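Colleague: One structure is given below, represented as structure tokens, and several questions about it will come after.
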There are 2 protein chains.
Amino acid sequence: MADFSINILGCGSALPTTRHLATSQVVDLRDKLYMIDCGEGTQVQMRNMRVRFGRLAHIFISHLHGDHCFGLPGLISTLGMLGRTGELVVHGPKEVETYLRPVMDLFCRGMEFDVRFNTVDTRSHSLVMEDRSLSVWSIPLKHRIPTCGYLFAEKPKEAHIIREMTDFYQVPVRCMKDIKQGQDYVTPEGEVIPNARLTRPAATPKRYAFCSDTAYNRSIIPIIEGVDLLYHEATFAECDLARAKETFHSTARQAAEIARDAQVKRLVIGHYSARYDDLTDLHREAEAVFPGTILGNEGMVIPV
Amino acid sequence: MADFSINILGCGSALPTTRHLATSQVVDLRDKLYMIDCGEGTQVQMRNMRVRFGRLAHIFISHLHGDHCFGLPGLISTLGMLGRTGELVVHGPKEVETYLRPVMDLFCRGMEFDVRFNTVDTRSHSLVMEDRSLSVWSIPLKHRIPTCGYLFAEKPKEAHIIREMTDFYQVPVRCMKDIKQGQDYVTPEGEVIPNARLTRPAATPKRYAFCSDTAYNRSIIPIIEGVDLLYHEATFAECDLARAKETFHSTARQAAEIARDAQVKRLVIGHYSARYDDLTDLHREAEAVFPGTILGNEGMVIPV
């Protein structure tokens, strides 16, 4: 198991089909779970994919269209019935609270945990949340209503101790923490042992960007530049470009252009319109611009 | 195909599992569809079971627990996207409107059809709706919040014309309607042809009763007496009788006792607690009291 991965619970668009469900993903960073969007049916998909409800601490909502948030009341009720006590934080545009508060007042009385709303300014690229291992940033998107994507940036990890070397120099346990964070070791005799001789560098921190829903929008390129994995919506095929413009969505080719120009390492597409029974064209159109494009699908677990 | 049947979209209880979904059924009477309850995921189940969205005219909500109504916003949005123009009537306790109005104000602006709320008094057995072919009555149930079941009573159908006889007597077309409704025919010569010689009686009208969620409640027996099909909740097995009482639910055995004492023709049980991986015990306990009990399951289509 990769220690940083995304689970695709749903990657359909507004109309659910028998092939694709409404949008939801779970980012798994060393067993701590962060949900992005929560369309209808998300809690059932969590069961199907064996995503553990108890590990979920934060939910990030991109925008207030039903296919991105109608699963919230059911998920929150279920967390209550499962005996959750720890706070749940829901990040998103301010309308998320306008929607959820009255529903929770009707259905979630007596629940033993708090739901805290953190309003995200969808027009700015700013820090939304950070904890020990991760920081999450908003990505302003261009859609029919206030919408933002989210950038998940792993924090630098501590270096790995080379046990043979610290044993050889008889480094006391109390010095280990500093050494992991890059300090040299000075022996009781005054000899300086350079940090590089005692540690192996930690893996480079990884970054994941979620961008859905959005029109073709080149202003996100500097924000997502070089990310290890980009999920970009690809609602339409090139033949429906006019419809994409009209509805503030992207084509698969446009998603790939953003990925190519932002020099991301890998691209996964999703949010497919219900009009396509077969996604071969969308995949081919993206591949022509960004070879290796991953065609997102329900149930996929993708390492970042 | 039977011309009066029920489609079980979901027959789980509050916690959805990988085996059972939240409550929803569609009653199909000669291709006109009536939904009972609409838990999360109902619209996806409609797709899976090929239930036609356009045929749906009325939705009946039993009570305001999430597993019986969290699918409404998604279903209503989808009907809007599919271009519906005809009114949709949502029948249920008054809290249904309290819940849905603000959600629709946020998500359903510009929709081209009206949603009309019809408040049902859950404490009385009264007529909720009728159209040409059907009347629907409330069934007061005993649950933690105001709750009612629904009795679907087919209206008497017209008798079938015996074509050979009407040809023989040269009955004019304009008289057919009266004959179907039971009148005799008088020939131009004044001869009275008794109706029984011109028609075959129509099939006896059928009745279906939906009773979920409810504690063991013998006061419903006179209302559902002799129905062709009864769906009765059976959340718990007999070993969890105490829990059933506490939560105002029934055991499978209690469901069967109600069915037996109301002399219904057939019984289907559902609304199973998530605690049972295997429903053999529930089925056996019901069968011991009411032989032939049908163990409800997702995807079942049962003729009334």
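Any Cβ shown, glycine's included, is placed from N, Cα and C.
Annotations for this protein, taken from TrEMBL, read as follows:
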type: BINDING; residues: A:His63, A:His65, A:His143, A:Asp213; note: Zn(2+) 1 binding site
type: BINDING; residues: A:Asp67, A:His68, A:Asp213, A:His271; note: Zn(2+) 2 binding site
type: ACT_SITE; residues: A:Asp67; note: active site, proton acceptor
Colleague: Check each residue in the chain of A:His143 (Zn(2+) 1 binding site) that is at least six apart in sequence and keep those whose C-beta is under 8 Å from its C-beta; list them in sequence order.
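Modeller: A:His143 (Zn(2+) 1 binding site) has long-range Cβ partners A:His63, A:Asp213, A:Thr214, A:Ala215, A:Phe248.
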Colleague: Counting only residues 6+ away in sequence within the same chain, which have a CB under 8 Å from the CB of A:His68 (Zn(2+) 2 binding site)?
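Modeller: Listed in sequence order: A:Ala22, A:Thr23, A:Asp37, A:Cys38, A:Gly39, A:Ile61, A:Ser62, A:Asp213.
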Colleague: Write out, in the order they occur in the sequence, the residues of the chain not among A:His63, A:His65, A:His143, A:Asp213 that have a C-beta within 8 Å of the mean position of the C-beta atoms of the recorded Zn(2+) 1 site.
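Modeller: Nearby residues not in the site list: A:Ser62, A:Leu64, A:His68, A:Leu141, A:Arg144, A:Ile145, A:Thr147, A:Ser212, A:Thr214, A:Phe248.
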Colleague: I'm trying to understand the geometry here, so how far is the Cα atom of A:His65 (Zn(2+) 1 binding site) from the Cα atom of A:His271 (Zn(2+) 2 binding site), in Å to the nearest whole number?
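Modeller: Between the Cα atoms of A:His65 (Zn(2+) 1 binding site) and A:His271 (Zn(2+) 2 binding site), the distance comes to 13 Å.
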Colleague: Determine the Cβ neighbour count for A:Asp67 (Zn(2+) 2 binding site): the number of other Cβ atoms within 10 Å of its Cβ.
Modeller: 26
Colleague: Write out, in the order they occur in the sequence, the residues of the chain not among A:Asp67, A:His68, A:Asp213, A:His271 that have a C-beta within 8 Å of the mean position of the C-beta atoms of the recorded Zn(2+) 2 site.
Modeller: A:Ser13, A:Ala14, A:Ala22, A:Thr23, A:Asp37, A:Gly39, A:Ser62, A:His63, A:His65, A:Ser212, A:Glu233
Colleague: I'd like to know which of the binding-site residues A:His63, A:His65, A:His271 has the most other Cβ atoms within 10 Å of its Cβ.
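Modeller: Most Cβ neighbours within 10 Å: A:His271.
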